[in-house]
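Taken verbatim from TrEMBL:
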- Ser68, Asn118, Glu162, Asn169, Tyr193, Tyr245, Val263: substrate binding site (BINDING)
- 349-421: domain 'STAS' (DOMAIN)
- 461-561: domain 'Cyclic nucleotide-binding' (DOMAIN)
Amino acid sequence: MNAPFVSPIQDLLDDLHARLIDLRAGEVATYIPELGKADPEWFGLAVATLDGTLYEAGDSRVPFTIQSVSKPFVYALALQDLGLPDVLKQVGVEPTGDAFNAVRLEPSTGRPYNPMVNSGAIVTSTLVGGDTFEERRTRILSGLSAFAGRELAVDRKVMESEAATGDRNRALAYLMHGAGTLTCDVEESLELYFEQCAALVTTRDLAVMTATLAGGGVNPLTGETVVSVEAAAKALTVMATCGTYDYAGEWLVRAGLPAKSGVSGGLIAALPSQLGLGFFSPRLDSRGNSVRGVTACEELSERFGLHLMRPAERSGPVFHRTLRGDTAHSSRVRAHDERTALTRLGGAIRVYVLRGDLAFSSSEAIVRTISEDTDSVRWVVLDLKRAGRVAPVAEALLEGLAAKLKERGITTVVVDTEKGVTVPSAVISETRDAALEWCEDALLESAGASRMTVPLAEQDLLRSLDPFLVTALEAYLEPREYAPGERLMEDVAALCFIISGGLARQIMIGNPPRPFRETSMGPGTAVGRLALIDDAEHTHRIVAECPTSCLVLTTQSLARLERDSPRLADSLRWSIANAIATRLRRTDAENHALIH
Ligand code: DON
């Protein structure tokens, strides 16, 4: 029984957590006395993908109050309920470069600058749908819960602590009420705001909530549409420009992700259409951002190549096709016993044909899908021929996957001709067919099913012939030895039985022409000029790939055989016709399996 597969993405998160735990700069916020009780050592990280996969490290399940991280979510709810034009009448969208609690309103309009600063968030809380204070309260809490995909509670102690000490917010609210921007009752508006800040979440919740925004308003766990695509997109935009206050410019340059922080130590960042990230650690820098959170997020963005302004990953299904070695075979022509063994055991070979650009999200899906199905697998072929760009993070994750598969005795073969990807733990192959053949050879060898030498009587073509006819035929055959690289069939051979070694069929391609290995043949199979059937010229080159022993029927011997023993010649022709029919049927079935 294997230990559970730990994703390389999980390893990266654990590694980041272990390294940054020593970062002890910054101070826990104490201006809301209850917040000062937080354990400064708490440190959680979480990544949520849009298909609902979660990676977590450290204290990702420790509850804490969401604080200002609530702001983009409540803003999205207000946009959903009231629409952008009406929301804009009361809250702007311009970055301030000020601190979160700055006492400053737009001089010409009296509006708060944006919904990410306290003044803007207080007004935003009053813009969510509901005719009464109670209806708005319920709407905010149930809306935040829908973003998280579970019912969130409120930490009353923190809420009261903030209400008791929130003079600055109170001052802001009265100022805006005086300016006519805040039209609801001041104390009720503050209560809405304090309560939203005191909603209890975990780092894991933050990742899911953010993935909901990144996924156009659809919660990746519950599938619920929480807000519209437009509302989610606009909330993310304001996060990008205003989410980190007076650090917004540098943040966007460095991490390149819309983000929002809160004074309890929470931090979220989103990669639209791909991911939600959540971080939590209570020690804050001078701007009120979690020190470990900011460092972890910037590092993750760098390691995973998440910067928004990088060329985007082309999305779409990443698996073009998935094949198993028991139903799909390489083009190598194999003797009956080997074919039977492959049909029986080939499920140990899996071929994944990948497509699209490979960056974080697609590689995450690849690693996850392949690692979920490793039980009876021994060989994994990753065909990158149809893939587009392969970002460094994809190389790193594929290497992580290959290394982990190797630990479980699974060999990875990467098919890559032009991209030059670096996956040191994998075998690199030029074509999918060659990769599959390589895996088949390895499987047959490990199962003790490879046929190194196949005597004449057991040759595929002659299996159904009477033994006395086989003995009679032997008199017409000449043994020949071929050295690696030596060409066959240029002489007068009509039919050539491979006793040991192996041959390749090549065609000439390109200008100047160079040989391309189309397929190969192993012991127990035969290659002929079809002269026995229709006299056609050979269009291919047949070359020995290793020292090869054959028994050859030359055209002269064939003529002699026709004269001496027409019955034997006839039987031989029937066998060839049968072999061709069988091969056609098999190819047909495989093509069918590929199409459907
Ligand atoms: O308004 C306040 O003081 C808090 N309830 C929220 C502030 C906050 O989280 C700002 N974040 N950076």
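Cβ coordinates are placed from backbone N, Cα and C, and glycine is handled just like the others.
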CB within-chain contacts under 8 A for Glu162 (substrate binding site), separation at least 6: Ile32, Glu34, Phe194, Cys197, Ala198
Maximal Cα-Cα distance (Å) across residues annotated as binding substrate, namely Ser68, Asn118, Glu162, Asn169, Tyr193, Tyr245, Val263: 21
Per-state residue totals over the domain 'Cyclic nucleotide-binding' (461-561) - DSSP helix, strand, coil: 17 helix, 44 strand, 40 coil
Other C-beta atoms that fall within 10 angstroms of the C-beta of Tyr245 (substrate binding site): 24
Per-region confidence, the domain 'Cyclic nucleotide-binding' (461-561) (mean pLDDT, whole number): 84
Counts by DSSP class (helix H/G/I, strand E/B, coil) across the domain 'STAS' (349-421): 28 helix, 23 strand, 22 coil
Entries of Asn118, Asn169, Tyr193, Tyr245 (binding-site residues) sitting next to ligand 1, with Cβ under 6 Å as the cut-off: Asn118, Asn169
Listed in sequence order, residues with CB under 8 A of Tyr193 (substrate binding site) and six or more positions away: Asn118, Ala121, Ile122, Ser125, Asn169
Chain-internal residues, separated by at least six, CB under 8 A from Val263 (substrate binding site): Ala29, Tyr31, Ile32, Leu35, Gln67, Ser68, Phe100, Leu284, Gly288
